[in-house]
Amino acid sequence: MGCSSSSATIPEANVQKQRRRLSVGNVDTSEVHEADERATQEDRGLIAQFNQKNLLDMIQRDGQQKGRRNSAICSSTDQNPTSFANKTMQQYGDELQAAQHGLGYTCRKGLKPESPNQDSWCMLKTEDFSIYGVFDGHGQKGHDVSNFVKDVLPKLIVSDPRAASSDQWSAILTDCFRKTQSMVNTSDKMKQLNAQMSGTTATLAVHDHRSDQITVGHVADSTAVLGTKNSSSWEGVALTRDHKPNLKDEKARIEKAGGRVVFDGYANHRVYAKNARYPGLNMSRCIGDLLGHQDCGISCEPEIATVEPSNKDRILFICSDGVWEFITPQEAVTLIHHYGSSDAQKAADFLAKEAWDRWIREEGGAVVDDITVILVYLKPVGN
């Protein structure tokens, strides 16, 4: 609390009024506790429900999807130690027909012998809308957190009654990101998840086919990029900004909450609690990392971007930072635009391999981050 430099005398009555305003009033803590308990019980119920149903079960629960084509495919946590191995996948519903829809996806384990592939991803395609998400875990149990969020966040979205219309996606994504964080917290309390100092990025795009509008919500640094074809050239533009602690607005929020932003002397600004050496995060927003949220001003609030694709907007990229560490959005578009939409899978594989090769070259073969690529060809691109 700042002090005024004025020396004017303040009447005693006004001093008392100011003191009363600055004092904590009579808060009924029992009401706060009851509200927290209700939220926890609601989370427990959702966790139990989601554990019993896959993503398509959530869509088809009301019978309105009968006879309609719905496809879902997502990663599944595995312990494969092989570098550059593709992560295990699960598919539900109708065959995805990726080539027909211009979809490419791959999730490759990095060169990190001490941990499994901590990236997770998902795709859902319905006649009304599609969902594409990438989640890059960090911390000792980051793979568990990213897998949990990959499962929970899309289920919350498709369960939201507002998804029946095409004009509420910004509000839906904001509410569902917050609810996902609450469910991570509850799962941690239930000892089903260890998220005290483990968490995940989250970048999720909803493409509403009714309005042909794309809404992207994200926390942290799994960047979404739009590839645009102009008359004689291609352009790659990021739709998201990396949530880094040294950004002016992010740093202000962290410091207001009692956290600190410290440069590590190498490449990153990191977040620490006051007078403490945790959590050391190099991002200012994420899902999970419960101590960081509690003590340092880390946020799960997503930034929302809305795009109405023109005929020039051809390719949507959503990738983990294993891609973006050494490849710019412009380079990514330049590298794969010559692949036609029916070869989207080849394009995704090529981009992942190029990212791997650059890590090996830049880091001398010492380390490679996990690499996840989702490509969505919004308009047909010739081979």
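Glycine too: its Cβ is placed from the backbone N, Cα and C atoms.
Where the annotation comes from TrEMBL, it is an automatic prediction and has not been curated.
Copied over from TrEMBL:
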- 1-40: region 'Disordered' (REGION)
- 30-40: compositional bias 'Basic and acidic residues' (COMPBIAS)
- 62-83: region 'Disordered' (REGION)
- 72-83: compositional bias 'Polar residues' (COMPBIAS)
- 102-378: domain 'PPM-type phosphatase' (DOMAIN)
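Away from its own ends, the compositional bias 'Polar residues' (72-83) comes close to residues 54-56, 89-93, 96, 105, 107, 109-111, 113, 116-117, 119-125, 143-144, 147, 150-151, 368 of its chain (Cβ-Cβ under 8 Å, at least six residues beyond either end). Across the range of the compositional bias 'Polar residues' (72-83), the DSSP-based residue counts are 0 helix, 4 strand, 8 coil.
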